[in-house]
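First the structure, in the form of structure tokens, and then the observations on it.
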Amino acid sequence: PELTGRIDNIDNDVNDAILLLDEDGIITALNEDRTLRIWLRRQTGKYWPSVCNTLESSPTSLYYYDASRLLFCGSDAGLIYEFTVAEDYNKITLNQTYSGHPARIQAVHYSSVNNLLLSVSRGKKFHWYSTQNGRLMGTYDLDSWGMAIQFDELTKHCFIGDFGGNISFLKLNDSNCQLITTLSGHTGSIQTLLWEPDAEWLFSGSFDNTVILWEIGTNQGRAIELNGHADRIVGLSYDSPAKILLTCSTDGNIGIWPTNIKRNETPKWLESDICQICKSPFFWNVKAMWQQKQIGLRQHHCRKCGKAICAPCSKNRTTMPLLGYEIAQRVCSECEKTMKSDETVPLASFHDAKHGIIKTDYVSKKKMFITVGTDRTIKIWDLSSVV
């Protein structure tokens, strides 16, 4: 990726940031001074604020709809503000305020087709509002904090990732919603979600450093893990024409994943009281330890076949890109013998943004990508050479 610009020395922590589609600019939500700012690139190449609007409480999450210039902003006090952005990006006008959440807004999503505003908060609530009159249309109780929202405009299916690591798959109606199923596969909280309507794929990024591709549209229940990051996932973007998934983790690594490759689903881990290769007992199998007169071993799992194995039978580590493992993983001695060299050829690439990252955004039309850093710096990248 080519670094084409940056905003340095921001005097606040940036809670969220969005790239503008038809202008070289960025909308930010800043924490300490509670401001919404629109930064435009000047002739000097530097970005300067054209709007600086102070709210009653800190803005926490943003959603901007370019076609109608509507900007939605969740806040730390549980309120959601709706603004209209002027054509020259030098002014924003407050249209209405949505209330009902008792705690900090974690994510907002606007559906222009259905005139709906969706939101989740730390109050374990999912709300949806009519944007025509600002009325709260319905609410749904979550098991833990809602962290991310994605919505399918045509089917009115809603996906909510929560702090417990689960994704609620809901069918939204006018005044109620139905839980279709719960997608469970992560061992850490959901940090970000991404819905790709053409392929009917849902991507989820988690605190457990993994991304899962849920093939919703196939009705086969396939879930493909993508393991290539060493820190929690904070950004997911998709370039539909190029069939490329962009991932980002807090350690500053940007992942480029081609999705037009047929990947294999990771195997389920088997359970056993003994190693399924050498038959040595695991440490909880007291009877077998006594009979074999040996100390029990710790249980591990082969990432290729899923067998329960001991450490001596799984000394090898290798990458398995077709299973989504771009980082070397544990494999058993039997699988190691049968693996071919072409099974370890990398399919994804990774690039260092050289700062810790908390948020990202991507505009496919312009191939522009931003990373929001823990160093209070926003970097603007041109991805046309890699996407």
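Glycine is no exception: its Cβ is also placed from the backbone N, Cα and C atoms.
Annotated features, as they stand in TrEMBL:
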{"type": "REPEAT", "residues": "183-224", "note": "repeat 'WD'"}
{"type": "REPEAT", "residues": "226-257", "note": "repeat 'WD'"}
{"type": "DOMAIN", "residues": "269-340", "note": "domain 'FYVE-type'"}
{"type": "REPEAT", "residues": "350-387", "note": "repeat 'WD'"}
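Through the fold, the repeat 'WD' (350-387) approaches residues 1-19, 21, 26, 28, 228, 234-235, 237-242, 244, 246, 248-256, 326 of its own chain, all at least 6 residues removed from its boundaries and within a Cβ separation under 8 Å.
Helix first, then strand, then coil: DSSP counts for the repeat 'WD' (350-387) stand at 0 helix, 21 strand, 17 coil.
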